[in-house]
Amino acid sequence: MTIFRPHLRFLFKPHFLYFQSPIGKSSRPFSTSQILRTALDMPPPPVDTTQRLAKLRELMAQNKVDVYSMQFRYTIKAPLIITVVYSFFFFLLLALKLCLRKTAISQSTLLHVTGVETLIRITAAFISSFTGSAGCAIVSMSKAALSTDGRYFSQAAKQLDANWTLLKRGVEGVPTWEEWTAEQAENGKVVGVDPSLITAGENLQYSPLTSVIVVNCSYVIADARKLSQTLKTTGGSLIGIDQNLIDAVWGDERPARPANQITVQPVERAGKSFEEKVEDLRKELAAKKRSAMVISTLDEIAWLFNLRGSDIPYNPVFFSYAIVTPSVAELYVDESKLSPEARKHLEGKVILKPYDSIFQASKVLAESKASASSGSSGKFLLSNKASWSLSLALGGEQNVVEVRSPITDAKAIKNEVELEGFRKCHIRDGAALIEYFAWLENALIKEGAQLDEVDGADKLFEIRKKYDLFVGNSFDTISSTGANGATIHYKPEKSTCAVIDPEAMYLCDSGGQYLDGTTDTTRTLHFGEPTEFQKKAYALVLKGHISIDNAIFPKGTTGYAIDSFARQHLWKEGLDYLHGTGHGVGSFLYAEVPLSANNVLSNEPGYYEDGNFGIRLENLVICKEVQTAHKFGDKPFLGFESITLVPFCQKLLDASLLTEAERKWVNDYHARVWEKTSPFFEKDELTTAWLKRETQPI
């Protein structure tokens with residue numbers, strides 16, 4: 001899966017999670033199954049949004065709002081791999097209301113950081129008809145604009161109707177969504193935001209019109225400060241309001257909160273007991289002299305307590321909050337969702353509290369502050385991704401220290417049990433993909449079958465289900481033929497998808513959730529005769545992939561230093577791609593956090609020709625310490641171990657375009673693919689023949 005992150009991103013198939021077992025989350029009552037059905041029932045894009053915008057503008061007028069903005073950043077394609085987590089789902093649902101002054105915007109991100117991507121997609125699609133995973137929709141009384149990044153330029157152009165202006169993020173001369181919003185809010189207009197959907201920042205006031213913060217949210221945008229500063233340049237200002245206009249639009253039709261069962265991730269797969277993890281967190285609190293940590297990020301809670309849920313499609317998390325002090329651990333969750341095993345798992349070690357009581361509990365915590373015997377400063381630790389409303393409940397900045405969550409860093413470093421689980425599940429998943437590609441080629445070429453993109457995705461799911469420890473997909477399968485492959489986060493729908501063309505490129509980006517790990521693999525194939533340019537583009541992408549796989553770098557290196565390894569060959573030809581080269585914990589390319597041994601990341605360069613084809617080649621890799629002849633500065637050096645086991649397409653491989661070293665890399669890789677996966681097909685002649693052909697030396 002790919003992700004665009006101009007300032008933070010290699011992982012972000014969100015702060016991205018690499019959960020080791022699958023299963024989800026939210027604060028307001030939303031049923032993911034209902035949301036998913038709604039998404040599937042939506043009419044094919046583009047949708048005429050005239051009436052929807054008119055209704056929204058009526059509500060804006062009633063609430064004395066001139067501008068309404070919704071920011072959403074989540075990754076449709078992001079498998080939650082708690083094991084490598086860095087969950088960066090900005091979910092949308094936002095809201096606002098202002099009064100006394102005319103004004104503006106509701107910026108939204110997500111509740112609980114991890115996982116309401118379906119909800120966001122529905123909300124964003126409802127208003128704009130755009131179904132991409134990242135962007136910002138802004139509506140004034142006379143204009144509507146949608147800002148998104150390069151992954152979605154093509155998709156947005158197709159899905160937005162005439163009511164909307166597309167703001168291409170990162171393109172010279174095009175305003176950012178903050179700048180565009182500031183233009184709409186000039187001359188003293190006030191921009192309102194839901195405090196549960198933004199992080200606390202400077203220059204923000206809380207509206208005295210409401211005294212109770214009702215909405216719960218844990219992963220919020222960190223742009224409140226930036227937005228406030230931008231608004232000041234045009235005379236606008238930013239305040240927090242408690243009302244959510246989207247809730248008002250939904251009314252009684254708002255889906256109920258998920259009530260899916262919560263299960264235990266056994267220590268045999270987690271590699272570490274939750275008691276040890278909680279104790280490690282307490283040591284961190286003691287080192288920082290803090291009284292407690294309030295946790296709202298769903299993947300962090302699931303990882304910390306070795307629990308898994310299924311409240312969010314493809315993501316093993318559940319709606320919850322947690323508070324950890326030097327002596328007590330509290331989990332705020334709907335107790336009816338806990339399996340008997342989960343209850344026993346927590347019994348006597350974790351105090352269970354009602355999910356909806358977190359804000360009151362935070363206020364009580366703030367009032368009591370820290371006990372004198374704790375030796376702490378009395379301040380509470382809060383993730384810098386937590387909501388402004390949660391910070392306020394804890395007493396604001398005088399009681400709260402907002403930092404990068406220590407749990408995020410702990411999750412990013414996999415233990416040996418987790419790493420071995422990743423390796424094993426990739427062997428099985430590689431076999432499933434090999435079986436699928438062999439079946440697909442045979443069906444298209446030998447049998448002349450008419451198969452569409454959804455047929456392909458469904459067949460892959462059927463095949464994966466046969467393999468041990470499979471739980472479900474880790475994200476929506478991107479099964480795309482021809483021009484659809486150029487839409488980076490393409491999602492085929494039965495009513496609008498294309499028939500797979502054997503004479504066109506076929507891009508398949510998919511992943512599975514297994515009890516012992518999560519997979520994410522992309523391969524691009526051709527079942528006919530590719531053009532010379534297609535083979536050259538494929539070679540350039542493969543060269544970049546190999547360059548990353550072979551990279552050796554000193555500990556402390558960030559993704560910025562490595563990104564050019566993947567792009568250098570494309571750059572020499574004047575080509576590039578508009579997404580991050582990878583994702584994983586701690587992030588990789590486009591990440592500010594240095595890479596560390598035992599991070600799990602993706603390596604996925606690509607190339608996309610709009611209206612024609614797309615190429616992406618993705619393996620997951622483990623960052624590990626490597627032996628070098630010297631150690632400059634007595635610093636260890638790191639490299640990568642590729643764990644994905646699926647061959648590259650022989651029809652697209654032109655050996656003459658690769659160096660001798662690159663050809664050796666391909667041959668060695670294919671030999672390993674054959675060794676690890678061929679035993680699965682001893683009684684499957686068709687797949688064995690396909691695999692033997694695709695792994696032959698070049």
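Cβ from N, Cα, C; glycine included.
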Task: Per Swiss-Prot, ASP520, GLU618 bind Mn(2+) 1; matching candidate in GLU503, GLU532, GLU604 - done: GLU604
Task: Residue among ASP509, ASP610 sharing the Mn(2+) 2 site, where Swiss-Prot lists ASP520, GLU618 as binders - done: ASP509
TODO: Could you check which of the binding-site residues (ASP509, ASP520, GLU618) sits closest to GLU604 (Mn(2+) 1 binding site), going Cα to Cα?
DONE: GLU618
Task: DSSP three-state assignment (helix, strand or coil) for ASP520 (Mn(2+) 2 binding site) - done: coil
Task: Candidate with the highest Cβ count within 10 Å, taken from the binding-site residues ASP509, ASP520, GLU618 - done: ASP520
Open item on the list: Quick check: in three-state DSSP terms, what is GLU604 (Mn(2+) 1 binding site)?
Closed with: coil
Open item on the list: I'd like the Cβ neighbour count for GLU604 (Mn(2+) 1 binding site), meaning other Cβ atoms within 10 Å of its Cβ, all protein chains included.
Closed with: 32
